[in-house]
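What TrEMBL says about this one:
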BINDING   A:Cys94, A:Cys97, A:Cys134, A:Cys137  Zn(2+) binding site
2 protein chains.
Amino acid sequence: MTQPKPFRDLCAEHGIAVTHQRQVLYEVMQGMEGHPSPEEVYARVREQIPSISLATVYKNIHLFVESGVLREVSLHHGSIRVEMNDEDHHHMVCSKCKAIADIGEDELGLETKRRMLPGGFLVERFSVDVIGICANCQREAAPSSSTRN
Amino acid sequence: MTQPKPFRDLCAEHGIAVTHQRQVLYEVMQGMEGHPSPEEVYARVREQIPSISLATVYKNIHLFVESGVLREVSLHHGSIRVEMNDEDHHHMVCSKCKAIADIGEDELGLETKRRMLPGGFLVERFSVDVIGICANCQREAAPSSSTRN
DNA sequence: ATTTCTGCAAAACCTTTGCAAGCCG
DNA sequence: CGGCTTGCAAAGGTTTTGCAGAAAT
(Lines of atoms letter the chains of each structure in order from A and count residues from 1; the text may use other names and numbers.)
(Lines give C-alpha, C1' and ligand atoms only; values in the text may rest on other atoms or scores of the structure.)
Protein backbone atom coordinates (compact mmCIF):
# COMPACT_ATOMS: atom_id res chain seq x y z
CA MET A 1 0.00 0.00 0.00
CA THR A 2 1.43 3.31 -1.08
CA GLN A 3 -1.09 5.53 0.65
CA PRO A 4 -0.52 5.15 4.37
CA LYS A 5 -1.13 8.87 4.75
CA PRO A 6 -4.21 9.30 2.66
CA PHE A 7 -5.55 12.70 3.34
CA ARG A 8 -5.86 13.30 7.04
CA ASP A 9 -2.13 13.58 7.37
CA LEU A 10 -1.74 15.81 4.38
CA CYS A 11 -4.15 18.16 6.05
CA ALA A 12 -2.40 17.80 9.36
CA GLU A 13 0.93 18.58 7.76
CA HIS A 14 -0.41 21.74 6.26
CA GLY A 15 -2.53 22.74 9.19
CA ILE A 16 -5.86 22.64 7.46
CA ALA A 17 -9.05 21.03 8.61
CA VAL A 18 -10.25 17.75 7.19
CA THR A 19 -13.67 18.31 5.73
CA HIS A 20 -15.82 16.06 3.68
CA GLN A 21 -15.70 18.50 0.78
CA ARG A 22 -11.93 18.56 0.77
CA GLN A 23 -11.70 14.84 0.98
CA VAL A 24 -13.96 14.33 -1.99
CA LEU A 25 -12.36 17.17 -3.94
CA TYR A 26 -8.98 15.65 -3.42
CA GLU A 27 -10.05 12.18 -4.45
CA VAL A 28 -11.88 13.42 -7.50
CA MET A 29 -8.85 15.33 -8.65
CA GLN A 30 -6.64 12.33 -8.09
CA GLY A 31 -8.87 10.42 -10.43
CA MET A 32 -8.98 13.00 -13.18
CA GLU A 33 -6.71 12.75 -16.17
CA GLY A 34 -5.26 15.75 -17.89
CA HIS A 35 -5.71 19.32 -16.77
CA PRO A 36 -9.19 19.92 -15.53
CA SER A 37 -10.60 23.38 -15.11
CA PRO A 38 -12.33 24.35 -11.87
CA GLU A 39 -15.67 23.93 -13.59
CA GLU A 40 -14.84 20.41 -14.62
CA VAL A 41 -13.73 19.50 -11.14
CA TYR A 42 -16.85 21.10 -9.77
CA ALA A 43 -19.04 18.98 -12.03
CA ARG A 44 -17.40 15.80 -10.80
CA VAL A 45 -17.47 16.69 -7.15
CA ARG A 46 -21.12 17.55 -7.47
CA GLU A 47 -21.88 13.97 -8.33
CA GLN A 48 -20.90 13.10 -4.79
CA ILE A 49 -21.82 16.31 -3.02
CA PRO A 50 -24.63 17.93 -4.98
CA SER A 51 -24.83 20.84 -2.59
CA ILE A 52 -21.21 21.91 -2.91
CA SER A 53 -20.65 25.37 -4.29
CA LEU A 54 -18.25 26.48 -6.96
CA ALA A 55 -16.77 28.96 -4.54
CA THR A 56 -15.75 26.15 -2.26
CA VAL A 57 -14.07 24.40 -5.14
CA TYR A 58 -12.10 27.52 -5.97
CA LYS A 59 -11.17 28.19 -2.39
CA ASN A 60 -9.90 24.69 -1.87
CA ILE A 61 -8.06 24.43 -5.15
CA HIS A 62 -6.18 27.53 -4.13
CA LEU A 63 -5.59 26.13 -0.71
CA PHE A 64 -4.22 22.93 -2.17
CA VAL A 65 -1.99 24.78 -4.58
CA GLU A 66 -0.63 27.00 -1.83
CA SER A 67 -0.07 23.98 0.38
CA GLY A 68 1.77 22.21 -2.38
CA VAL A 69 -0.73 19.37 -2.45
CA LEU A 70 -1.14 19.89 -6.16
CA ARG A 71 0.30 22.00 -8.89
CA GLU A 72 -1.17 24.78 -10.88
CA VAL A 73 -0.34 24.75 -14.53
CA SER A 74 -0.71 27.78 -16.70
CA LEU A 75 -0.96 26.50 -20.19
CA HIS A 76 -1.87 28.40 -23.26
CA HIS A 77 -5.40 28.46 -22.03
CA GLY A 78 -7.94 30.81 -20.62
CA SER A 79 -8.57 29.57 -17.12
CA ILE A 80 -6.73 28.00 -14.24
CA ARG A 81 -5.77 24.40 -14.73
CA VAL A 82 -4.62 22.01 -12.14
CA GLU A 83 -3.01 18.64 -12.14
CA MET A 84 -2.22 15.94 -9.64
CA ASN A 85 0.50 14.29 -11.70
CA ASP A 86 3.49 14.94 -9.49
CA GLU A 87 6.06 13.22 -11.63
CA ASP A 88 8.32 15.52 -13.57
CA HIS A 89 6.63 16.02 -16.86
CA HIS A 90 5.79 18.68 -19.35
CA HIS A 91 3.11 19.57 -21.84
CA MET A 92 2.60 19.36 -25.54
CA VAL A 93 0.08 21.95 -26.64
CA CYS A 94 -1.35 21.72 -30.13
CA SER A 95 -1.47 25.14 -31.69
CA LYS A 96 -4.33 24.06 -33.94
CA CYS A 97 -6.79 22.26 -31.71
CA LYS A 98 -5.38 23.31 -28.31
CA ALA A 99 -5.25 19.74 -27.10
CA ILE A 100 -2.81 19.13 -24.29
CA ALA A 101 -0.85 15.98 -23.64
CA ASP A 102 1.69 15.18 -20.99
CA ILE A 103 5.19 14.16 -21.85
CA GLY A 104 7.77 12.78 -19.48
CA GLU A 105 10.93 14.64 -18.71
CA ASP A 106 13.09 12.02 -20.36
CA GLU A 107 10.91 11.54 -23.41
CA LEU A 108 11.24 15.23 -24.05
CA GLY A 109 14.95 14.94 -24.60
CA LEU A 110 15.80 18.08 -22.72
CA GLU A 111 18.89 18.33 -20.65
CA THR A 112 18.26 20.42 -17.61
CA LYS A 113 21.55 20.51 -15.90
CA ARG A 114 21.78 23.91 -14.28
CA ARG A 115 20.41 24.60 -10.87
CA MET A 116 21.41 28.24 -10.94
CA LEU A 117 20.85 30.64 -13.79
CA PRO A 118 22.39 33.97 -14.76
CA GLY A 119 21.27 36.71 -12.42
CA GLY A 120 21.37 34.37 -9.45
CA PHE A 121 18.04 32.76 -10.14
CA LEU A 122 17.69 29.54 -8.16
CA VAL A 123 15.93 26.85 -10.17
CA GLU A 124 13.17 24.85 -8.53
CA ARG A 125 11.76 23.22 -11.59
CA PHE A 126 11.22 23.59 -15.28
CA SER A 127 7.82 23.84 -16.83
CA VAL A 128 8.00 23.25 -20.54
CA ASP A 129 5.21 23.79 -22.99
CA VAL A 130 6.03 22.33 -26.33
CA ILE A 131 4.01 24.19 -28.91
CA GLY A 132 3.38 22.28 -32.09
CA ILE A 133 0.95 20.25 -34.12
CA CYS A 134 -0.54 17.06 -32.78
CA ALA A 135 -0.74 13.94 -34.91
CA ASN A 136 -4.42 14.40 -35.65
CA CYS A 137 -4.06 17.93 -36.91
CA GLN A 138 -1.08 16.96 -39.02
CA ARG A 139 -3.23 14.40 -40.78
CA GLU A 140 -5.99 16.91 -41.43
CA ALA A 141 -3.52 19.49 -42.66
CA ALA A 142 -1.98 17.13 -45.21
CA PRO A 143 -4.77 16.48 -47.71
CA SER A 144 -2.53 15.19 -50.50
CA SER A 145 -0.25 12.80 -48.64
CA SER A 146 -3.08 11.35 -46.59
CA THR A 147 -4.09 8.87 -49.27
CA ARG A 148 -2.80 5.99 -47.29
CA ASN A 149 -4.26 7.33 -44.11
CA MET B 1 18.90 50.36 -41.22
CA THR B 2 17.15 47.30 -39.92
CA GLN B 3 13.61 48.55 -40.32
CA PRO B 4 13.02 48.99 -44.04
CA LYS B 5 9.53 47.56 -43.59
CA PRO B 6 8.27 49.46 -40.61
CA PHE B 7 4.62 48.75 -40.26
CA ARG B 8 2.85 49.37 -43.53
CA ASP B 9 4.43 46.32 -45.05
CA LEU B 10 3.70 44.13 -42.07
CA CYS B 11 0.08 45.06 -42.50
CA ALA B 12 0.25 44.51 -46.21
CA GLU B 13 1.79 41.08 -45.72
CA HIS B 14 -0.99 40.09 -43.39
CA GLY B 15 -3.77 41.78 -45.27
CA ILE B 16 -4.85 44.15 -42.55
CA ALA B 17 -5.52 47.83 -42.81
CA VAL B 18 -3.06 50.41 -41.56
CA THR B 19 -4.76 52.54 -38.97
CA HIS B 20 -3.37 55.15 -36.68
CA GLN B 21 -4.36 53.09 -33.66
CA ARG B 22 -2.56 50.03 -34.90
CA GLN B 23 0.52 51.99 -35.76
CA VAL B 24 0.74 53.51 -32.29
CA LEU B 25 -0.16 50.24 -30.60
CA TYR B 26 2.58 48.49 -32.44
CA GLU B 27 5.19 51.11 -31.66
CA VAL B 28 4.22 51.26 -28.02
CA MET B 29 4.53 47.52 -27.68
CA GLN B 30 7.89 47.55 -29.40
CA GLY B 31 9.04 49.96 -26.74
CA MET B 32 7.75 48.01 -23.76
CA GLU B 33 10.00 45.73 -21.82
CA GLY B 34 8.81 42.54 -20.26
CA HIS B 35 5.33 41.13 -20.59
CA PRO B 36 2.75 43.83 -20.49
CA SER B 37 -0.88 43.10 -19.88
CA PRO B 38 -3.53 44.57 -22.16
CA GLU B 39 -4.29 47.15 -19.49
CA GLU B 40 -0.69 48.26 -19.34
CA VAL B 41 -0.48 48.57 -23.09
CA TYR B 42 -3.75 50.46 -23.08
CA ALA B 43 -2.39 52.96 -20.56
CA ARG B 44 0.60 53.68 -22.74
CA VAL B 45 -1.30 53.97 -25.97
CA ARG B 46 -3.68 56.36 -24.30
CA GLU B 47 -0.88 58.81 -23.80
CA GLN B 48 -0.81 59.21 -27.55
CA ILE B 49 -4.43 58.50 -28.39
CA PRO B 50 -6.52 59.44 -25.37
CA SER B 51 -9.73 58.45 -27.08
CA ILE B 52 -8.69 54.88 -27.85
CA SER B 53 -10.79 52.20 -26.22
CA LEU B 54 -9.67 49.11 -24.37
CA ALA B 55 -11.73 47.02 -26.75
CA THR B 56 -9.66 48.24 -29.65
CA VAL B 57 -6.49 47.30 -27.82
CA TYR B 58 -7.82 43.80 -27.23
CA LYS B 59 -9.02 43.40 -30.78
CA ASN B 60 -5.71 44.44 -32.22
CA ILE B 61 -3.58 42.45 -29.83
CA HIS B 62 -5.49 39.41 -30.96
CA LEU B 63 -5.14 40.43 -34.55
CA PHE B 64 -1.40 40.82 -34.12
CA VAL B 65 -1.09 37.50 -32.37
CA GLU B 66 -3.08 35.74 -35.06
CA SER B 67 -1.03 37.41 -37.75
CA GLY B 68 2.17 36.37 -36.09
CA VAL B 69 3.30 39.95 -35.58
CA LEU B 70 3.81 39.21 -31.92
CA ARG B 71 3.62 36.32 -29.56
CA GLU B 72 1.25 35.57 -26.78
CA VAL B 73 2.80 34.22 -23.65
CA SER B 74 0.85 32.45 -20.97
CA LEU B 75 2.89 32.72 -17.87
CA HIS B 76 1.89 31.85 -14.37
CA HIS B 77 -0.32 34.87 -14.40
CA GLY B 78 -3.95 35.78 -14.52
CA SER B 79 -4.33 37.65 -17.77
CA ILE B 80 -3.04 37.58 -21.31
CA ARG B 81 0.50 38.72 -21.72
CA VAL B 82 2.20 39.66 -24.87
CA GLU B 83 5.73 40.27 -25.93
CA MET B 84 7.54 41.64 -28.93
CA ASN B 85 10.82 39.90 -28.20
CA ASP B 86 11.03 37.58 -31.14
CA GLU B 87 14.33 36.00 -30.32
CA ASP B 88 14.13 32.53 -28.89
CA HIS B 89 13.98 32.97 -25.18
CA HIS B 90 12.22 31.70 -22.13
CA HIS B 91 11.05 32.90 -18.76
CA MET B 92 12.19 32.74 -15.20
CA VAL B 93 9.24 33.09 -12.88
CA CYS B 94 9.88 33.72 -9.21
CA SER B 95 7.59 31.60 -7.12
CA LYS B 96 7.81 34.10 -4.26
CA CYS B 97 7.32 37.50 -5.81
CA LYS B 98 6.04 36.41 -9.24
CA ALA B 99 8.59 38.53 -11.04
CA ILE B 100 9.35 37.43 -14.56
CA ALA B 101 12.62 37.77 -16.38
CA ASP B 102 13.64 36.66 -19.83
CA ILE B 103 16.45 34.24 -20.40
CA GLY B 104 18.03 33.38 -23.72
CA GLU B 105 17.78 29.92 -25.17
CA ASP B 106 21.52 29.35 -24.84
CA GLU B 107 21.85 30.78 -21.34
CA LEU B 108 19.22 28.34 -20.22
CA GLY B 109 21.46 25.40 -20.98
CA LEU B 110 18.68 23.30 -22.43
CA GLU B 111 19.28 21.07 -25.35
CA THR B 112 16.27 20.96 -27.56
CA LYS B 113 17.22 18.57 -30.26
CA ARG B 114 14.05 16.75 -31.19
CA ARG B 115 11.69 18.06 -33.79
CA MET B 116 9.27 15.20 -33.35
CA LEU B 117 8.02 13.78 -30.09
CA PRO B 118 6.43 10.49 -29.09
CA GLY B 119 2.88 10.27 -30.38
CA GLY B 120 3.80 12.05 -33.58
CA PHE B 121 3.72 15.52 -32.14
CA LEU B 122 5.48 17.95 -34.45
CA VAL B 123 7.45 20.54 -32.51
CA GLU B 124 7.17 24.17 -33.50
CA ARG B 125 8.83 25.70 -30.50
CA PHE B 126 9.53 25.29 -26.84
CA SER B 127 8.20 27.62 -24.23
CA VAL B 128 10.00 27.12 -20.97
CA ASP B 129 9.04 28.62 -17.66
CA VAL B 130 11.72 28.16 -15.10
CA ILE B 131 10.09 28.26 -11.71
CA GLY B 132 12.39 29.23 -8.89
CA ILE B 133 13.52 31.96 -6.54
CA CYS B 134 14.93 35.19 -7.83
CA ALA B 135 18.06 36.70 -6.36
CA ASN B 136 16.12 39.27 -4.33
CA CYS B 137 13.87 36.75 -2.69
CA GLN B 138 16.81 34.50 -1.90
CA ARG B 139 18.40 37.34 0.00
CA GLU B 140 15.26 38.02 1.99
CA ALA B 141 14.77 34.35 2.74
CA ALA B 142 18.29 33.92 4.11
CA PRO B 143 18.37 36.08 7.26
CA SER B 144 21.44 34.44 8.77
CA SER B 145 23.79 34.21 5.81
CA SER B 146 22.94 37.65 4.55
CA THR B 147 25.36 39.38 6.88
CA ARG B 148 27.71 40.27 4.09
CA ASN B 149 24.91 41.26 1.79
C1' DA C 1 -16.29 26.74 22.71
C1' DT C 2 -13.47 28.61 19.09
C1' DT C 3 -11.77 28.58 15.06
C1' DT C 4 -12.25 27.26 10.50
C1' DC C 5 -15.10 26.06 6.60
C1' DT C 6 -19.25 26.02 3.66
C1' DG C 7 -22.78 27.81 0.63
C1' DC C 8 -25.07 31.52 -1.17
C1' DA C 9 -25.30 35.72 -3.52
C1' DA C 10 -23.22 39.70 -4.95
C1' DA C 11 -19.20 41.91 -6.59
C1' DA C 12 -15.03 42.29 -9.10
C1' DC C 13 -12.36 41.37 -12.65
C1' DC C 14 -11.05 40.45 -17.53
C1' DT C 15 -12.44 39.85 -22.11
C1' DT C 16 -15.72 39.78 -25.87
C1' DT C 17 -19.54 41.44 -28.65
C1' DG C 18 -23.06 44.45 -31.16
C1' DC C 19 -23.69 48.39 -33.32
C1' DA C 20 -23.57 53.14 -35.29
C1' DA C 21 -20.25 56.30 -36.98
C1' DG C 22 -15.73 56.93 -39.18
C1' DC C 23 -11.64 55.71 -41.75
C1' DC C 24 -8.98 53.00 -45.38
C1' DG C 25 -8.14 51.61 -49.83
C1' DC D 1 -18.31 54.01 -52.38
C1' DG D 2 -17.79 49.23 -49.80
C1' DG D 3 -15.64 47.04 -46.37
C1' DC D 4 -12.92 47.06 -42.43
C1' DT D 5 -12.12 49.57 -37.96
C1' DT D 6 -13.23 52.31 -34.04
C1' DG D 7 -15.41 53.56 -29.67
C1' DC D 8 -18.95 52.96 -26.67
C1' DA D 9 -21.70 50.38 -23.78
C1' DA D 10 -23.52 46.28 -22.54
C1' DA D 11 -22.96 41.35 -21.99
C1' DG D 12 -20.29 37.13 -20.92
C1' DG D 13 -17.34 34.28 -18.36
C1' DT D 14 -14.39 33.39 -14.63
C1' DT D 15 -12.80 34.15 -10.08
C1' DT D 16 -13.19 36.42 -5.58
C1' DT D 17 -15.45 38.16 -1.47
C1' DG D 18 -18.66 38.90 2.63
C1' DC D 19 -21.34 36.85 5.64
C1' DA D 20 -24.45 33.77 8.38
C1' DG D 21 -24.92 29.15 9.51
C1' DA D 22 -22.53 24.58 9.98
C1' DA D 23 -18.77 21.67 10.87
C1' DA D 24 -14.17 20.59 12.75
C1' DT D 25 -10.75 20.42 16.46
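Here the Cβ of each residue, glycine as well, is placed from N, Cα and C on the backbone.
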Response to the item:
Sequence-ordered list of residues in the chain of A:Cys94 (Zn(2+) binding site) that lie 6 or more positions away and have a Cβ within less than 8 Å of its Cβ, or none, is A:Ile100, A:Gly132, A:Ile133, A:Cys134, A:Asn136, A:Cys137
Item to complete: Mind checking which of A:Cys134, A:Cys137 has the fewest other CB atoms within 10 A of its CB? They're the binding-site residues.
Response: A:Cys137
Discussion item. I want to verify one value. Collapsing DSSP to three states, which class is A:Cys137 (Zn(2+) binding site)?
Written reply: helix
